[in-house]
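Annotated features in TrEMBL:
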- 135-153: compositional bias 'Basic and acidic residues' (COMPBIAS)
- 422-439: compositional bias 'Basic residues' (COMPBIAS)
- 29-67: domain 'RING-type' (DOMAIN)
- 206-291: domain 'PDZ' (DOMAIN)
- 311-394: domain 'PDZ' (DOMAIN)
- 443-528: domain 'PDZ' (DOMAIN)
- 567-653: domain 'PDZ' (DOMAIN)
- 127-161: region 'Disordered' (REGION)
- 397-446: region 'Disordered' (REGION)
Amino acid sequence: LCCECGQAHPLLDNHLYNFQDEVDDELICHICLQPLLQPMDTPCGHTYCFKCLENFMQEYNFCPMDRKKLSFQQCHKSSLLVRNLLDKLVVLCPFKAECQQTMQRCELEAHLQNRCPGFKKYKSELQRKRNPISKGKEELPAKGDTNTPKDPELPSGGSSLVAESSGAAVVSLGTAEPGLVNPAFEETEEGESLVQKTSLVAETTTIEIHREDPEEELGMRIVGGKDTPLGNIVVQEVLRDSVIAADGRIAPGDHILEVNGVNISSVTHCQAVSFLRHPGPVLHLMVLQEKGFSNRTAQQDPTSTSREVIHVTLVKRDRSEPLGIKLIRKTDEAGIFILDLLEGGLAAKNGKLSRNDRVLSINGQDLRQGTPEAAAQIIQTTESRVNFVILRQSGLQLGEPGEDGSTSNSSSSSSSNGGSPVHHRRRPDQSHYRRKSTYQKKTVAIKKEPKESLGITIGGGRDNKNKLPIYVTSVQPIGCLFRDGRIKRGDVLLSINGIDLTHLNYYEAVSALKSNAASHSVTLKALEILSLNCPEPALDIREQGFSWSPLWITWLGLPSYLHFCQDIVLSKGNLESWGFSIVGGFEESKGNQPFFIKTIVPGTPAFRDRKLKCGDEIVAVNGVPAIGMSNSELIPMLKEQRNKVTLTVVSWPGSLV
C-alpha cells in the first residue's frame, strides 16, 4: 500500500483518495476524472493533474479539452489558491474498519504515519510477513481492508493459509529457440521514410546498488536464461519501495549482462537467480537498456586498432531463400551492420560473416550510407550469388552471451539497435533447448483427527494479479500433511475431497480447504512440477512461508488447462511500429515452439499500454491461434494490422531476487 494515501495503485499513477463529499466539477481533472493532484495550467486555460498531463503529452501534442497545439514545457503550476482549495478537500481514512476519522487531504499522510491504528496494524502485519515466525490463530481481514489479506484461521491448528502477493507476468515452455523477429521495428510502407531517420538506441550501463542490509532482496522479478527461449536474463518487474525502485535506474525490459563482474548472459535461469540473490552490501550490475527511437545522425566512423576488408560470397538455391542475416542501423555510426546470424541459416553455415561486421557493399552496390531496407531489396532480388564486401573491426566484441535470442529467420530487417553490445556467437547447447518441462499428478488420501490442521500455507488464486492456480507456499511441521510427506512446497493443488480448486480465488480456496480439513479423511489431488533442476538449495530456502513463491522456470511445465489467457488490445498510428519483438515459432528441426515477447521498446504502443510484459506467451493474434505458425507466417499477420491488434497472451510471474 502507498504510504502517502494508504491505498494500492501503480507507482507512476496518482494517489487515490476517498472524498467525504462530492467535489466541484471545476476541481476535477478531465483526463482521470478525479480531483486534481499537483494541478498544472495550460496556456489555453485548462487544468489537469501533473502526472495525467505528463503522460498525455508523451503521446500527443495538443490540449485534451480543446485540442489546441500544446507542449508540456508551456504549462505551469496552478495558483497557490487553487492548490490550497484542493489540499483542504475532506477525505476519509482508507482504513475505515479500524479508523473512522476524516481530515483534509493534505493531512492524510501525517495521519497514516503517526495516528492511524489501521495503518499501524497494516505495517506490523507487513513486518511480520517479512519476518515469519511461529504464530497462533488469526482472523480474516475486515471487509474494508481487502488490499492487505491476513491469515485466515485454520481449525485447531497454529498454521495458516496465507495469501501470496506475486508480481508481473511470464510463461514459457522450456522450448527451443527458433529466433527473434521484429514486428516492433519493421515499418509499414508509409513508414519507410521514417525508418531511415530513426534508430533504436540501446546502451550498456554499469549500475552500483547499495544495501544497508546485505541480506535484503533487490526487489525485482526476472525471466529468461540460456535454458529458456528468451536466452538473456530480462527484468520483468521492479517492485515498489524496493532497493531497485529506490535506486531508480533499472526498469522492466532491461537485460542483465553481468553481476559483480560475472557474465550471466550464458547461464541458466537458476544460476542467474543464485547470482542475483547473493547477499552483500554492494552489487555491481551491467545492464543493456533500450532507450527508444532516436533521430540522431552519426558523423564519424569509429576508430579501431585493426580493420580488415573481407569479401564473402553466399550462393542461394533460389531467389526466395533467406540468408539468415539480421541487419541494423546504429545511431553512432553511418551504414548498416550485421546484428545476428540465424543458427542453421545460409550465412551461419558459410561461417565467414560475423556479428558487428559493417556492410560496405552488396553485389557492387555501395551501402556505406545505406539502410537495412536497401540491403534487403538487393538480397531478395538476387537470383543466386550474393557478394558481400564487409569491414571488420577488432576490439569491439564482448563475451559470449550463449543463446541471447537475437536471431531472425528473415534475410534482413529494418530494425535498428544502435548501441547494443555485440557478442561472439557460440554453438547452442541443445540439451537445454530440448529439455521438456514435465509434471506429475498425485493423489494424497489421509486419515486424520477432525481437529488436526492440514498445516499448509497457500498462494495464488484466480483473483491474483497473474490469475495463478492455487499452490503450496509452505508445509508446516505441525500438520497432517507434513507427517504424510507427499505434499511439497510448490505443488499446485487441483482439488480437495472432489471440490475443484483450479478456478477458485484465494479466499474461496481458503474456505474449501478449511471446511474439508474438519473431516476425518482428506483426499488432495495435486501437480508436482518435475522440470526444475537447480543444484543450489539456497534457491528454495531463502524465501520462507507466505513470502515464498515458485521460481519463474517452475511454471514452465504447467498443462494448458491451468493457463489463464487474457486479451491485450494495442492501437497505433500509421507510421508507428507495435514496439515489441518475439522469439519462437515452428521450425522443422525443432517442431512447434511457442512465441514469446522478448523486448518492449520505450515510447511505443506496447510500452505505453503497460499490459504486455517481457516473457508473455502469444497464444493468438486477433483470435487466430499462433500454435504451429512459423516466424514468416506470424510476422506478416502482425504487420497487416494497421492500427489495432488483439494479442491473446498467457502470463506468469518472474522469479523474485
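From the backbone N, Cα and C atoms, a Cβ is placed for every residue, glycine too.
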With DSSP, how much of the domain 'PDZ' (311-394) is helix, how much strand and how much coil, in residues? 15 helix, 32 strand, 37 coil
Per DSSP, what is the helix/strand/coil residue tally across the domain 'PDZ' (567-653)? 15 helix, 31 strand, 41 coil
Taking DSSP H, G, I as helix and E, B as strand, the domain 'PDZ' (206-291) contains 14 helix, 33 strand, 39 coil
